[in-house]
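> So Swiss-Prot lists the following for this protein:
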- 359-380: region 'Disordered' (REGION)
- 361-370: compositional bias 'Polar residues' (COMPBIAS)
- 371-380: compositional bias 'Acidic residues' (COMPBIAS)
- 416-484: zinc finger (ZN_FING)
- 419, 423, 455, 458: Zn(2+) 1 binding site (BINDING)
- 446, 452, 478, 481: Zn(2+) 2 binding site (BINDING)
């Protein structure tokens, strides 16, 4: 086993606990970013390109007939063999958390429709379910079993929000274990059936699941109701005759106590369990090798990797399976440093030789790691954009000239600035306020001095006023500079001078009226 540190060259902030990695014929793709996708990559799926220990995230391309795939963290994912050649390998995605902290109950199917040396084009379709539809959840597992030439999805575990009649303002985001029901999902006809097995008494989440032919093994997990990580090992076997499916569960010895572990396949019959937690605040540093032979499962400890001091002393870690016996791990950065990364990333190779594609069986584990604060609202929204331009990466030149630093630049300047002392617009919490907003906040230009941009919402502008100002050519001054602008532009009020009309200058004045006494005096004076 070898451990290598990985340097992320761009979009580091997108990689957060709960992401998933999908391996399509040796090419790895990242799914489940933090926040809503931005316009530079509206699909939210990135090519996970690692070369010489440097990771580069490149935007993936979807066909125009694809449905919208929101960024989902802590979903259940598994591979599925389609019937046609174009659907040779598919990924099934169910559940998960959106950036708005909502839980999804939808099923998405991702497949490759075009592949060349430059890029891979995906198609995403949404499947509707009827029957016993599983409730929205996260931290669960989804596997595909094959029996008698048929296939069926097996869904189990996870967490969901409290029922609506029990949710209060103080505990609105409180979660609980889902009922320990096993769901069989027919992806071809969109039917789901729920089964109650007496061996499964408590709900589990963040467990490990391994599918082999007609059998699914459930290992470990965390029970939120009892706050324990039972060392249980269940074997769920599914028989698919012409009639109704038959399902049974057996409790096996030899389980281990672990939650949020990552499972990777090293060869046709062996898997490696990496990471996870054995207590709430204690990571599980031991790795295990799982062997499957003749419908038997054996779990043994294996050589422990040479963990770095940063990994040993970190309180949490997270990651996902890269396929071919490799695991991608992340730990929080050192906040004590003046300039530090938010996360440090590593790649653990559990085998020296890559697994050949023909030897790879389509198995899955619940590889999303557990968030220490998953009972609280732990994620906020980012910029959201989805339009026809999401599928407009038609030319190779345009794909190659993608600005990889656009995500970081936009978060520091442009629409996400602090426009005034009372500005509360945050890239992580912003939601549209005006009807004209879609993927960024509305802004207006202040003409004071050299000019600067301010958010319309921070200026308390009504939508009608905002539209009027945007259509006209009038100058606008923000709340901070409006008084200064008035003092500079509005003259002081002065009393206007009253000028007599010109006609009055030529008008003959009225004669004076003399009293009889004055007339008598003047008469005597001149006499």
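Backbone N, Cα and C atoms are what each Cβ position is placed from, and that goes for glycine too.
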> What residues, ordered by sequence, lie under 8 A Cβ-to-Cβ from residue 423 (Zn(2+) 1 binding site) and sit at least six positions away in the same chain?
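Long-range Cβ contacts: 417, 455, 458.
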> Note down the number of other Cβ atoms within 10 Å of the Cβ of residue 478 (Zn(2+) 2 binding site), including every protein chain shown.
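A count of 21.
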> Expressed to the nearest Å, what is the distance separating residue 446 (Zn(2+) 2 binding site) and residue 419 (Zn(2+) 1 binding site) at their Cα atoms?
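For residue 446 (Zn(2+) 2 binding site) versus residue 419 (Zn(2+) 1 binding site), the Cα atoms are 10 Å apart.
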> I want the residues beyond 446, 452, 478, 481 whose C-beta is within 8 angstroms of the mean position of the Zn(2+) 2 site's C-beta atoms, in chain order.
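Close Cβ neighbours, site residues excluded: 445, 447, 448, 451, 454, 476, 477, 480.
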> By a 10 A CB contact count over all chains shown, which of the binding-site residues listed here is most packed: 452, 455, 481?
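Counting Cβ neighbours within 10 Å, the top one is 455.
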> Using an 8 Å cut-off from the Cβ centroid of 419, 423, 455, 458, can you name the remaining same-chain residues around the Zn(2+) 1 site, in sequence order?
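My list of surrounding residues reads 417, 418, 420, 422, 424, 425, 454, 457, 459.
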> Fewest other C-beta atoms within 10 angstroms of its own C-beta: which of the binding-site residues 419, 446, 458 fits that?
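Taking 419, 446, 458 as the binding-site residues, the minimal 10 Å Cβ count falls on 458.
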> Please spell out the DSSP helix, strand and coil residue counts for the zinc finger (416-484).
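Helix/strand/coil tally for the zinc finger (416-484): 13 helix, 8 strand, 48 coil.
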> What is the separation, in Å, between the Cα atoms of residue 481 (Zn(2+) 2 binding site) and residue 419 (Zn(2+) 1 binding site)?
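The Cα atom of residue 481 (Zn(2+) 2 binding site) is 12 Å away from the Cα atom of residue 419 (Zn(2+) 1 binding site).
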